[in-house]
């Protein structure tokens with residue numbers, strides 16, 4: 001969430017940022033609403049101050065045996081007490097109205113983010129590796145998985161409906177191996193702390209990371225009002241909610257392997273076959289909490305950590321800098337890692353790494369204290385996929401497909417597969 005004081009002082013900057021995101025200017029209406037709010041608040045505070053002063057004056061008048069003045073003051077206090085509830089309610093209403101509008105305004109992009117309307121404006125930052133060259137025909141992951149007998153979409157549909165998958169046998173083991181490999185890499189080499197967070201969270205947690213109130217339709221809600229997490233970013237980032245951290249201990253880096261749940265409300269007709277777009281999928285998440293001075297560098301570091309997964313798996317990919325029109329609601333800058341899928345003859349997103357500045361921290365009231373400075377500041381938050389496990393499985397089986405329909409196991413995963421080097425058709 002943006003700071004209304006910052007908006008008052010940077011109205012043109014906000015409107016320019018909104019224009020880059022394809023949104024209408026809002027600064028004038030926000031500042032006008034804030035002026036009304038502050039006028040109401042000032043009036044309320046003056047009423048409260050006068051009530052308190054008059055109450056003290058009653059005692060002084062009584063001590064001086066000035067009953068006429070005392071009665072007059074009592075009447076004034078009574079009148080103020082009667083008027084205060086309505087004034088307090090009006091102040092709360094205007095505060096809530098302003099907060100609601102602010103909570104729906106996207107973050108301000110960094111200056112070096114390319115301007116564009118949608119994914120067509122994204123820019124290739126770098127290409128890593130090269131596309132595989134084979135003599136045999138590439139296949140899509142669902143053709144390979146069903147051919148091996150380890151991927152069952154019809155069975156999943158009978159149990160849960162569309163956009164679910166049953167993995168069995170060696171493909172289930174391969175997906176588990178991928179997740180374990182990623183966690184080991186991030187915890188043992190990249191300095192992240194492994195966390196097993198709740199998969200159900202409250203409204204305020206979803207609000208803190210920016211999923212609510214704007215994106216409720218993309219989420220699954222339980223009958224008791226909790227939400228299934230769409231990403232472990234939500235619980236990991238909210239671990240510092242309402243906390244004051246010691247600045248000397250920053251950055252904090254957390255990682256988790258969790259199921260993620262998304263309704264895919266806006267994805268009708270897209271990727272209806274296979275595992276690319278599921279209601280439930282596994283993902284390794286990376287979250288960093290740092291300060292303003294180091295958050296941009298931390299973004300580069302986090303992206304490199306996610307890239308290392310793909311490098312060690314021997315996968316060809318590209319890094320995309322997302323443009324203003326394709327960036328997420330809470331992000332100031334985002335890099336997407338897009339892995340090459342031979343079966344689709346296309347690059348597909350497998351990781352998204354974003355720096356959010358203090359946007360989420362303001363919503364969570366997450367701050368830090370430095371020994372060198374007085375007071376507290378909001379932390380800066382970052383999140384990224386390190387990486388999506390299901391999509392990594394897709395990439396591995398499409399890129400490591402053999403002519404006989406079997407799939408070679410990437411060398412880095414062999415120890416996690418008990419020495420198995422090839423996934424072959426179920427007997």
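Numbers run from 1 along the shown chain.
Glycine residues also receive a Cβ, built from the backbone N, Cα and C atoms like all the rest.
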Ask   = Of the candidates 175, 285, 293, 338, which does Swiss-Prot annotate as part of the L-serine site that also includes 231, 232, 233, 385?
value = 285
Task = List the Cα distance (Å, whole number) between residue 263 (ATP binding site) and residue 231 (L-serine binding site).
result = 12
Task = Output the one of 233, 349 that, of all these binding-site residues, has the highest number of other Cβ atoms within 10 Å of its Cβ.
result = 233
Remark   = Listed in sequence order, the binding-site residues within 10 angstroms (C-alpha to C-alpha) of residue 262 (ATP binding site) out of 231, 232, 233, 285, 385 are 231
Same-chain residues at least 6 apart in sequence whose Cβ lies under 8 Å from residue 350 (ATP binding site) = 310, 317, 337, 338, 339, 385, 387, 388, 391, 392, 395
